[in-house]
Amino acid sequence: MTSQTMSNTPTPDQIRRAPKVLLHDHLDGGLRPGTIVELAREQGYSRLPETGPDKLGIWFREAADSGSLERYLETFSHTVGVMQTRDALVRVARECAEDLAEDGVVYAEVRYAPEQHLEGGLTLEEVVEAVNEGFREGERLARANGHRIRVGALLTAMRHAARALEIAELANRYRDLGVVGFDIAGAEAGYPPTRHLDAFEYLKRENNHFTIHAGEAFGLPSIWQALQWCGADRLGHGVRIIDDIQVRADGSVKLGRLASYVRDKRIPLELCPSSNLQTGAASSYSEHPIGLLRRLHFRATVNTDNRLMSGTSMSREFEHLVEAFGYSLDDMQWFSVNAMKSAFIPFDERLAMINDVIKPGYAELKSEWLFQQTASTSDSPAREG
Ligand SMILES: O=c1[nH]cnc2c1ncn2[C@H]1C[C@H](O)[C@@H](CO)O1
Ligand SMILES: [Zn+2]
């Protein structure tokens with residue numbers, strides 16, 4: 001038996017085929033560049049910085065590579081700019097579900113801010129219904145191509161605006177109709193989550209679920225507010241929890257009160273490594289706090305945030321982590337089960353996804369080396385000596 005066959009390091013092909021769970025992906029951050037070009041042409045949107053798909057894709061990645069969340073967010077004006085009609089929203093959502101399924105994602109919660117898609121005259125309800133329709137079409141098309149995926153929507157309110165309660169009510173109205181929860185996003189510094197307490201209190205009274213972008217561009221106070229004032233079920237990013245973890249020279253680790261709380265309560269962290277590198281929240285994959293957080297058994301999950309702006313996918317994120325930390329298929333399974341446990345769909349459905357889809361998927365991949373061994377042994381009996 002060679003070390004090659006025993007190696008538990010997944011190949012890029014195995015990473016792609018492994019069942020993955022995505023909790024933090026923005027609909028308006030994941031358009032195909034070719035789709036943006038076509039939608040802009042159809043709608044007479046003339047402000048695109050490039051008109052060829054390849055160059056446009058590169059433009060988004062470079063413009064988002066700014067080291068600042070505020071500048072990173074400016075790039076969204078062009079994606080949101082072409083997502084103002086019903087047809088455009090259906091198409092973008094359909095392609096999102098298809099692309100995720102093609103990449104081996106079996107369950108995804110995809111978020112967007114309905115209030116940003118009203119410039120063409122759609123109502124908030126029409127926006128939600130168009131996106132839901134696109135997700136359902138994408139699920140069907142993926143299935144026809146041999147991929148199974150389930151996509152739930154999270155409705156985001158923009159933290160600098162003042163529509164959070166209205167969007168929370170919208171999320172509640174479309175609960176069990178394709179919408180699984182609520183989020184707030186946008187520039188973090190200067191816009192603490194407590195500005196939207198009324199929305200969070202409303203959702204709690206309704207027994208609904210929400211996540212909050214916190215601890216990305218701003219540190220511990222933002223995480224503390226999101227959890228202890230607002231009652232968030234999950235943290236969007238939450239990567240700055242690392243500021244409350246002290247690693248001593250001898251390698252021992254001391255958690256502060258907030259980091260302990262996050263770990264003890266199993267608060268899910270929606271970590272987005274590539275996005276963090278672009279906005280300056282981390283300096284390299286190997287220095288990304290996900291390595292330590294995984295070792296310390298935080299409820300860490302791996303996410304894309306914005307596939308277009310980061311030129312990434314779930315598989316790419318895992319490829320980077322496999323390279324940086326030597327992760328195995330067992331680690332990938334651990335992240336995927338963590339994410340599935342943290343999803344906003346009902347417990348019995350989460351459990352069935354874990355037991356009937358995720359674990360069997362990894363078991364199948366982990367057993368592949370056995371069959372490769374049999375094939376090579378029978379191919380070359382002389383090697384057995
Ligand atoms: O990483 C992020 N942090 C804060 N806000 C973000 C991030 N990625 C996207 N957004 C914003 C820009 C989008 O227009 C909005 C809704 O998806 O959410
Ligand atoms: Zn985000």
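Here the Cβ of each residue, glycine as well, is placed from N, Cα and C on the backbone.
If you check TrEMBL, you get these features:
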DOMAIN    19-359  domain 'Adenosine deaminase'
BINDING   His24, His26, His213, Asp305  Zn(2+) binding site
BINDING   His26, Asp28, Gly186  substrate binding site
ACT_SITE  Glu216  active site, proton donor
SITE      His237  site 'Important for catalytic activity'
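This view paints the features noted in TrEMBL onto the structure.
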residue	record	DSSP class
His24	Zn(2+) binding site	strand
Gly186	substrate binding site	coil
His213	Zn(2+) binding site	strand
His237	site 'Important for catalytic activity'	strand
Asp305	Zn(2+) binding site	strand
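Sequence-distant neighbours of His237 (site 'Important for catalytic activity') (same chain, six or more apart, CB under 8 Å from its CB) are His24, His213, Ala214, Gly215, Glu216, Leu269, Glu270, Leu271, Cys272, Ser275, Asn276, Ala281, listed in sequence order. Taking the centroid of the Cβ atoms of His26, Asp28, Gly186 as the substrate site, the other same-chain residues with Cβ within 8 Å of it are Leu27, Gly29, Leu73, Phe76, Val80, Arg111, Tyr112, Ala113, Gln116, Thr156, Ala185, Asn306.
Within its own chain, Asp305 (Zn(2+) binding site) has His24, Asp25, His26, Gly29, Cys272, Ser274, Ser275 as residues 6 or more apart in sequence whose C-beta sits under 8 angstroms from its own. Using the Cβ center of His24, His26, His213, Asp305 for Zn(2+), the list of other same-chain residues with Cβ within 8 Å runs, in sequence order, Asp25, Gly29, Arg111, Asp183, Ala185, Gly236, His237, Glu270, Cys272, Ser275, Asn303, Asn306. For Gly186 (substrate binding site), applying a Cβ distance below 8 Å and a minimum sequence separation of six or more within one chain yields Leu73, Met158, Arg159, His160, Ala161, His213. The maximum pairwise C-alpha distance among His26, Asp28, Gly186, the residues recorded as binding substrate, is 13 Å. His26, Gly186, His213, Asp305 are the binding-site residues among His24, His26, Gly186, His213, Asp305 whose C-beta comes within less than 6 Å of an atom of ligand 1, given in sequence order.
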